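Annotated features in TrEMBL:
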TRANSMEM  21-47  transmembrane segment
TRANSMEM  59-77  transmembrane segment
TRANSMEM  101-121  transmembrane segment
Amino acid sequence: MYKFLFYKLYRFAKAQEQTVPPNFGFVALATIFELLHFAIIAVFFKIVGLEINLISKEVFVALIFIFGFSINYFLFIKSKLIYRINEEYQKQNRTVWKDNVLFFSYIIFIYLVMLLEVWVYQNYNV
């Protein structure tokens, strides 16, 4: 699923090629999705009762942005992994609307998981 997710993020970045270079657009979109996943994990930890207070939240978010951009850049752009993933999916001659439905279904799934976590947290005052 993540391979497909990265493919769709790259295609979205490629579609905006005239305003933002696709490499930067992809890295930015991938980092945003990482933040969403970290938010889900953080709320889950809060529900379970785990609280990690090593650094402030602002510093943590800044570090995630810095490390996220760096890791995504080196992992996908420098290693040319995203280009290989793109070629693999392009050769499959996939139907665009089905891919878009799958991608947006995943986004809705992430939203529903976050909504469920917040609802559980608020109702049970964990």
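Residue numbering: from 1, along the chain as shown.
Positions of Cβ are set from backbone N, Cα and C atoms, glycine also.
TrEMBL annotations: computationally assigned, not manually curated.
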How about long-range neighbours of the transmembrane segment (21-47): same chain, 6 or more residues beyond its ends, C-beta under 8 Å? 5-6, 9-10, 12-14, 61, 64-65, 68-69, 72-73, 76-77, 82, 110, 113-114, 117-118, 120-121, 126
Sequence-remote partners of the transmembrane segment (59-77) [C-beta within less than 8 Å, at least six residues beyond its ends]: 6, 23, 26-28, 30-31, 34-35, 38
How about long-range neighbours of the transmembrane segment (101-121): same chain, 6 or more residues beyond its ends, C-beta under 8 Å? 1, 4-5, 8, 36-37, 39-40, 43-44, 46-47
